[in-house]
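Asker: Handing you a structure now.
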Amino acid sequence: MTRALVIVLDSVGIGGAPDGAAYGDGGADTLGHIAEACAEGRGDRPGLRAGPLRLPHLAGLGLGLAAREASGRMPPGLAPDGPVAGAWGHAVETARGKDTVSGHWEIAGAPVDFDWGRFPATRPSFPPDLTRALIEEGNLPGILGDCHASGTAVIEAYGAEHLRSGKPICYTSVDSVFQIAAHEEAFGLERLYALCGIARRLCDPYRIGRVIARPFAGSAGTGFVRTANRRDFATPPPGDTLLDRLAAAGRPLVSVGKIGDIFAHRHTGTEVKPAGNDACLDAALAAFADLGPGGLVFANLVDFDTEYGHRRDVPGYAAALERFDARLPEIRAALRPGDLCLVTADHGNDPTWTGTDHTREQVPVLAFGPGQRPGPIGRREGLADIGATVAAHLGLALPAGRSWL
């Protein structure tokens, strides 16, 4: 029986969103702008990388071709050197947003057809009733932040005061999120998780997609750093997803990285959550080696987004792309006859763009495996086509999306 491996390169958009201007993202192009920056020497960092962006294996699967169709231009150095080895195309998100949850749910066949709630870019940002309830139920002396902020900047700004006062740092962004940062030792990791559970319930009436625990360590003297113990508290998907259909059919499923959090741990199978892209890919390949017939390994590689996109770090993002590309032969070697591997993204996060938020972009769709027919699959009018294709490959059906098989 067939098997499938889906790898989401978190935030690796390819530009060309037809409605990008409505989000302030007209012209945003994560992959294209990274490639251009590297070609111009702006992607160099001593000891990390230098020169043009080199992604020969992804280019050979049609990544550059997909980017050209989406954005209208070929990213420098990403033209394939010979026949393309997989099916390639690009997809337009139908959900009205550019957040992780919407992107992943749509990939899994449950497009978001409503508007998420968001907090305004004011100070304070949160409704007073929400703040009062969180302080009371969480037994807190108060909160810090209460604003739109970058995750790294906010702990630099409030970390020392947090340690002195015991007040957690609460902040948001243009996405539908309520984030709580607290020191792992001084505040306590389990206490932070419990507080986020309270916040999850309190945020439900506001239709907030995720409450995110953002633990950090360090001191004012040595500096503060976020740890790997992030946890997302998402609201459940609004309808059946590919994961639900797999569970109903009794199929094996392994969720790697933050997939479990994104789907509110509903029918997410065996969850594995290592830290870092390489560790997540190691876990995905190990799980796939043992995966039974008709099963799925669903992996998210988040470092592209959290470590490099939000931080607007072009050299770091480029190096991470090159590292993933170098492991593609390993991924292809893991595929048996009847297996399908699909590489895609959930949104963009252009590190050359203004601000620190996600960018509205199309995403690449690259599908390959023994016996898979190579060639263009065109523009997909919704990320749900990805889930529909995986479902069809596994002999299942989804209510949304159209398979290209």
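Cβ atoms are placed via backbone N, Cα and C, with glycine included.
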Asker: Can you pick which of His265, His267, His358 Swiss-Prot lists for the same Mn(2+) 2 site as Asp305, His310?
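Answerer: Record source Swiss-Prot; matching candidate: His358.
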Asker: If you measure His347 (Mn(2+) 1 binding site) to His310 (Mn(2+) 2 binding site) at Cα, how many Å is it?
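Answerer: Checking the Cα atoms of His347 (Mn(2+) 1 binding site) and His310 (Mn(2+) 2 binding site) gives a distance of 12 Å.
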Asker: If you draw a 10 Å sphere on the Cβ of His347 (Mn(2+) 1 binding site), how many other Cβ atoms land inside?
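Answerer: I get 30 for this one.
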Asker: Counting across all protein chains shown, how many other Cβ atoms sit within 10 Å of the Cβ of Asp346 (Mn(2+) 1 binding site)?
Answerer: 28
Asker: Using the centroid of the Cβ atoms of Asp305, His310, His358 as reference, list every other same-chain residue with Cβ within 8 Å of it (recorded Mn(2+) 2 site), in sequence order.
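Answerer: Counting only non-site residues, the set is Asp10, Ser11, Thr306, Gly309, His347, Asn349, Thr356, Asp357.
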